[in-house]
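S.K.: Take this structure first; my questions come after.
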Amino acid sequence: GSVIKCGESCLLGKCYTPGCTCSRPICKKN
């Protein structure tokens, strides 16, 4: 089991990590 980390910034409203959604200003698990 790999852990999904969603710490990227999403100022453009898009998250490139699978399973993450934009919760400005960073991506979070959906």
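The backbone N, Cα and C atoms fix where each Cβ goes, and this holds for glycine too.
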S.K.: Going by Swiss-Prot, tell me which one of C10, C20 is disulfide-bonded to C22.
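M.R.: As annotated by Swiss-Prot, the paired cysteine is C10.
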S.K.: Let's check the environment of C22 (disulfide bond): how many other CB atoms sit within 10 Å of its CB?
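M.R.: I get 18 for this one.
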S.K.: Quick one: of the disulfide-bonded residues C15, C22, C27, which has its CA closest to the CA of C6 (disulfide bond)?
M.R.: C27
S.K.: Cα-Cα, whole number of Å: C20 (disulfide bond) versus C27 (disulfide bond)?
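M.R.: If we compare the Cα positions of C20 (disulfide bond) and C27 (disulfide bond), the gap is 6 Å.
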S.K.: If I take the alpha carbons of C27 (disulfide bond) and C10 (disulfide bond), what is the distance between them in whole Å?
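M.R.: About 6 Å separates the two Cα atoms.
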